[in-house]
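Copied over from TrEMBL:
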- 238-290: domain 'DUF2179' (DOMAIN)
- 26-50: transmembrane segment (TRANSMEM)
- 70-91: transmembrane segment (TRANSMEM)
- 98-116: transmembrane segment (TRANSMEM)
- 122-141: transmembrane segment (TRANSMEM)
- 188-206: transmembrane segment (TRANSMEM)
Amino acid sequence: MIGINFPYFFIQGEFFMKKRLVKNPFFRAFIFLFALELVAISINFFYAPINIAAGGATGMAVLLEAAFGFNRSLCVLVINTLMLILAWIFIDWKTVKKFIIGSYLLPVLIYVTPSFKIVSDKLLAVILGGVFSAIGVAALYRINAASGGTTVPPLIIERYFHVNPAVSLLVIDMVVTLFNIPVSGIDAFFMAAFSLFVSLFVMRYMESGLDHKYQIQVMSNDKLPEIRKMLEDADNSLTIFDVRGGYSLNDKKLIMAVVDNDSYGKLLSRIHDIDPNAFIVASNVVKVHGGTFGI
């Protein structure tokens, strides 16, 4: 699927989208439709056939169908319409316009997409459902679009109660998954919750990439030249800052370098071999642009 002519490139574990393509209305429409279809596939191929709801308006629809026999696409349509009304009342028309197409196109795609059990193992089904759903939602985020549904209440909660939308959305999704217990049993609840975290994991790494790195900052009283040479010999690009000690107020040098995950432990050990008393601060880095680690 991924080639030099496809708008996404998988480089160092991360998807990058060409900026000029993002602005192309035909490309945006294609990604929008493709992303919504992935969400529809996650429902019709993986969640609905085993009656497991992993949050959201689609999860509510799966539960309503399993419990009462309601048509799931119609349920999504009704729920999304109610969410749009809430957005119009409590937020603004601009937000409604952002959600309106996805809110009505998703139930149509759920209706026209065939529904059958593609895998027999339930655990595998919720994993695949989580992956497909996460890729679809992440693609929607990339083009600043949404499918409506339960993404609306967190925006209302943020506006009036200043709660992080990501937190409130997770809480809402977990509440939806709780209703798996009376409908499909406790096992379904745990599998739905597991699927939620699979989705969060996939979305996080689609956004930030799989090839995380470490940023290390090193200070040494008298071994900094040796540490610098060691880092340069290991082909690590580095930056040297002029800093001042907060206690001594003496001028010092600080080395900042970005290193790969697999070389982090070895470099840390070699720095301690050179200077056991070196001051080292390490932090996770999810994206590096330009320089040695650039695209």
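Any Cβ shown, glycine's included, is placed from N, Cα and C.
Keep in mind that TrEMBL annotations are predicted by a computer and have not been checked by a curator.
Taken as a whole, the domain 'DUF2179' (238-290) shows an average pLDDT of 86 in this prediction. Of the candidate ranges 98-116, 122-141, 188-206, 98-116 contributes the most Cβ pairs within a distance under 8 Å of the transmembrane segment (70-91). Broken down by DSSP into helix, strand and coil, the domain 'DUF2179' (238-290) contains 14 helix, 24 strand, 15 coil.
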